[in-house]
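Participant: Below are the features I grabbed from TrEMBL:
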TRANSMEM  B:12-35  transmembrane segment
TRANSMEM  B:55-73  transmembrane segment
TRANSMEM  B:104-125  transmembrane segment
TRANSMEM  B:137-156  transmembrane segment
TRANSMEM  B:190-208  transmembrane segment
TRANSMEM  B:238-258  transmembrane segment
TRANSMEM  B:278-301  transmembrane segment
TRANSMEM  B:321-340  transmembrane segment
Amino acid sequence: MLDVLQSIIPIALFYSAPLIFTALGGVFSERSGVVNIGLEGLMVMGAFVGIVFNLAFADVFGTATPWVSILVAMVVSAIFSVIHAVASVTFRADQVVSGVAINFLALGLGVFLTKQWYGKGQTDMVSQPFYSKNIPLLSDIPIIGPIFFQKVYVTSYIAILAAIVVWFVLYKTSFGLRLRSVGEHPMAADTNGINVYSMRYVAVILSGALGGLGGSVFALTIALNFSQSTIVGQGFMSLAAVIFGKWHPLGAMGAALFFGFAQSLSVIGAGVPFLADVPKIYLTIAPYVLTIFALAGFIGRAEAPKANGQPYIKGSR
Amino acid sequence: MFANRMFNTVVPVISVLLGLIAGAIIMLGFGYNPIKGYAALLDGAFGNAYFFGETIRQVTPYILTGLAVAFAFRAGLFNIGAEGQVIVGWLAAVWVGTTIEAPMIIHLPIALIVAALAGGLWGFVPGLLKAKLGVHEVIITIMMNYIALYLSNHLIRNVLTDKQDTTDRVAESASLASNWLMELTSYSRLHWGILVALVAAAFMWFLLEKTTTGFELRSVGYNRHASEYAGMKVGKNIILAMVISGGFAGLAGAMEGLGTFGYMPTHAAFTNIGFDGIAVALLGGNAALGTVIAAFLFGILKIGALNMPTGAGVPGELVEIVIALIIFFVASSYIIRWVLLRFKKEGN
């Protein structure tokens with residue numbers, strides 16, 4: 001049993017990290033009342049920038065390259081997400097449609113520029129990815145150490161920490177209260193002197209930064225290069241995690257961990273005794289089927305923020 | 001004041017122009033000649049019989065997925081699940097095409113109907129959940145897309161074939177392919193499906209504009225509560241809209257399975273026919289005729305793009321950016337209207 005856990009849990013953590021980051025971004029955006037189907041595109045942008053920066057500056061930054069790469073990816077994706085904010089907050093576009101456009105645009109830009117700069121459909125492999133490490137001290141703890149802290153990626157733990165930070169920001173600070181109030185009842189928030197538009201802009205930009213972080217972490221831990229098929233559905237899965245986690249940062253983290261776990265099962269399922277007989281297809285589609293069940297209320301009712309998806313128009317009732 | 005109808009035609013046209021202009025600016029920015037680029041695109045779409053055949057071939061599924069998304073939109077629903085419905089329709093059509101033996105007059109219609117039913121079933125699930133439990137259809141349809149993708153791969157590998165990555169070819173009697181059309185277009189993959197697509201468009205127009213059912217569907221789309229007070233069964237209409245929408249997308253899958261390819265490969269990623277349908281429907285203003293026109297435009301862009309690298313040295317992926325921008329401009333039509341009204345006022 002210990003061997004099984006030792007093989008599953010690091011892989012589950014490894015697959016979850018990008019989902020957690022991106023889902024946290026989704027929580028920010030949707031809590032402020034802006035539906036973000038564009039998470040997928042934001043991850044594509046993050047993955048693209050992370051890989052390109054890493055390839056271009058590996059000589060300059062050496063072993064620090066992956067860290068600088070994810071920071072740059074965060075900034076670029078945050079700027080990119082402003083398009084979604086402008087369309088859905090200022091131009092009152094249908095937020096779902098604008099999100100779809102973000103997805104198209106990110107992929108189009110990424111693949112176009114890859115062709116332009118590398119002359120082929122995918123980039124080279126990065127020379128400075130993240131490597132798995134044993135975490136000092138903690139990895140020496142008996143039983144827990146080998147399961148949780150040996151051969152793991154630091155990014156997984158940063159993701160879990162980030163979820164706690166986002167929870168604190170949303171539920172324990174006045175900024176978080178304002179952000180949530182804008183998503184529940186924008187008119188009441190406006191009456192109380194909160195600038196609905198700027199709160200929503202901030203929330204969407206935060207989702208861009210976190211989506212970019214998620215995409216670049218995925219690219220620099222799992223994919224290691226960029227092509228049209230680097231990010232295929234991870235963003236949508238993060239969106240599912242947001243809903244499965246009932247728009248709560250810790251819930252979203254739990255859901256993302258669960259999805260990562262389900263993915264790791266389908267990756268190494270054959271090596272696990274009691275799962276070897278389960279056809280792989282069940283494990284592959286489990287995250288999606290469970291999300292549908294969750295939404296249908298079989299696993300507790302999921303209630304979206306009240307004003308989610310509705311543009312706020314000052315003075316209208 | 002502009003009439004609303006006029007806006008509905010002006011906004012898409014302006015959006016396309018803005019998208020193309022943005023594409024030209026990008027080409028200029030990377031040191032390409034935009035006129036040469038777009039000339040290569042047009043040449044790649046119409047330059048010879050082969051290109052023309054391929055363009056029409058690409059337009060065929062676009063019309064159908066465009067109709068699928070548009071139909072749901074008219075009933076106030078957003079069917080992002082066209083992609084998954086295409087996949088199950090494709091699989092169902094190929095399944096019928098490879099396993100049943102019957103004369104063409106029976107075989108082909110059955111294959112098409114089963115494909116539409118499979119797509120309809122994939123639309124039924126989100127429709128039911130929306131109608132009975134109020135669950136948002138967007139998320140359910142996204143999830144259904146992935147289930148369709150992985151399930152169809154699994155079925156192709158383990159049920160339709162013995163661990164193979166493509167199915168057998170469909171029987172002649174279930175095929176939409178036509179030697180005559182192929183010879184006419186220097187052996188492009190053009191097939192009879194375009195007729196199916198056009199009939200489907202006519203069907204949607206008739207259903208929505210000329211029948212009571214269509215009136216109810218549109219009414220539910222405009223105002224759910226008012227429709228309910230008027231005695232219409234909102235839940236029934238939502239389910240019906242999703243099933244018919246899924247049926248159109250399922251037919252789009254049949255076009256690929258019975259026409260373009262004649263078999264079904266396993267897919268590592270989505271076909272994008274369904275997702276592109278969203279763009280087609282939006283640009284077409286969610287009307288049958290508009291959707292057909294928009295499908296032609298996107299078919300021309302997509303097939304023409306293939307000629308851009310050889311014709312002008314421009315990466316064909318540029319077209320993806322242009323399409324994304326067109327969607328943006330259509331989605332942000334509020335601002336286009338605002339600007340138009342501004343100009344109008346200043347003119348007076």
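Cβ from N, Cα, C; glycine included.
What's the neighbourhood like for these features in this structure?
Facilitator: Listed by sequence, the residues of this chain that lie at least six past the ends of the transmembrane segment (B:55-73) yet keep a Cβ under 8 A from its Cβ atoms are 45-46, 79, 82, 85-86, 119, 123, 137, 188-191, 193-194, 196-198, 200-201, 204, 208, 221, 241-242, 244-249, 251-253, 255-256, 259-260, 273-274, 276-278, 280-282, 284, 286-288, 290-292, 294-296, 298-300, 302-304.
When Cβ-Cβ distances below 8 Å are used as the criterion, the transmembrane segment (B:104-125) is approached by residues 68, 72, 79, 81, 84-86, 88-93, 95-97, 140, 144, 148, 170-176, 196, 239, 242-254, 257-258 of the same chain, each at least six residues removed from its ends.
A Cβ distance under 8 Å defines the sequence-distant neighbours of the transmembrane segment (B:190-208), meaning residues of its chain 6+ beyond its ends; these are 53-54, 56-57, 59-61, 63-64, 67, 70-71, 74, 112, 175-178, 181-182, 184, 214, 217-218, 244, 248, 251, 254-255, 258-260, 287-289, 291-292, 295.
Cβ atoms under 8 Å from those of the transmembrane segment (B:321-340) belong to residues 2, 7, 10-12, 14-16, 18-20, 22-23, 26, 276, 278-279, 282-283, 298, 301 of the same chain, restricted to positions at least 6 beyond its ends.
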Participant: In the same chain, who gets a Cβ under 8 Å from the transmembrane segment (B:12-35) while lying at least 6 residues past its ends?
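Facilitator: Distant contacts of the transmembrane segment (B:12-35): 283-285, 290, 294, 297, 312-314, 318-319, 321-323, 325-326, 329-330, 333, 336.
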